[in-house]
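Novice: To start, I am sharing the structure in question, which I have written as structure tokens.
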């Protein structure tokens, strides 16, 4: 919260710093109670009221008191400077030009110092490692209380304060103590480098001594090399004999490898036969029977009707061909018997009548 712009019954405008670090004017009456509480917490204000109007009044009073305090401080500084200037003018009017030239840079330095103090109060920059693994500088005053607490937890810091300014003061104190603790390590590194440089001269002397010793050893080895010449000739003859025997062994190995290559296809055929008989003969025969039976069952349904028709036709032909006359005679006799019965019954009725 920077300063108060306007205060009335309908408006309570204040200037805040948004997430982009820019000044933004907001009206407290247009904000919810929750947002007003959050704004007060970020500004380090502890509100005793719970009603919206009372909270706005407390915030506006705090803003007004801060502005009046800043105005009073600036007035005191101006009065002090004026008194100093008057004293200097009274002491020596002749040295006024020189004194004015000296006062201008001093006033500039005071302004720079005051501005740097204000920036130090308004900023608390720390370097963190972001999600991409890169170093990033952030201002703690631009972060929310939840983000500051999360940052402290990630850094292994236990904060005792609950307000924002107290948390920031604790973090900055820890950062400053860490930076001061790094300086002794740099001094120890420099001392170790100097110690490593000191024995360099002694190492060079040791190298010279070792080179002299090696040269003396080479002089002693020269006569021994002449004596070893004859032995080298004998070794050459023996090496030739070994080469001849090695060539013979290579030829025998090639012949044996050819036999092995011929035996490999036979072994592969045997392994193929063994691999094909992974099912026993009994299981194979049972499988064939099951397949045959399933095919027979499928064919039964298709052939049943055909066979039935053939048998019916065959029986019909046999009956008609073999006993056609007998059947006709039997039918005739049956018909005659039924006709006789009908006539007899008719005659019996007539006689009774």
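Heads up, the Cβ atoms here are built off N, Cα and C, so glycines get one too.
Pasting the relevant annotations from TrEMBL:
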REGION    1-25  region 'Disordered'
COMPBIAS  9-19  compositional bias 'Polar residues'
DOMAIN    27-68  domain 'Rho termination factor-like N-terminal'
REGION    41-285  region 'Disordered'
COMPBIAS  59-121  compositional bias 'Acidic residues'
DOMAIN    139-179  domain 'Rho termination factor-like N-terminal'
COMPBIAS  182-238  compositional bias 'Acidic residues'
COMPBIAS  247-273  compositional bias 'Acidic residues'
Novice: What does DSSP give as the helix, strand and coil breakdown of the compositional bias 'Polar residues' (9-19)?
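Specialist: Tallying H, G and I as helix, E and B as strand, the rest coil: 0 helix, 6 strand, 5 coil.
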Novice: For the domain 'Rho termination factor-like N-terminal' (139-179), what does DSSP give as the number of helix, strand and coil residues?
Specialist: 30 helix, 1 strand, 10 coil
Novice: With DSSP as the reference, give the number of residues of the domain 'Rho termination factor-like N-terminal' (27-68) in helix, strand and coil.
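Specialist: Reading the DSSP string over the domain 'Rho termination factor-like N-terminal' (27-68) gives 30 helix, 1 strand, 11 coil.
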Novice: Return the average pLDDT for the domain 'Rho termination factor-like N-terminal' (139-179) as a whole number.
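Specialist: Averaged over the domain 'Rho termination factor-like N-terminal' (139-179), per-residue pLDDT gives 86.
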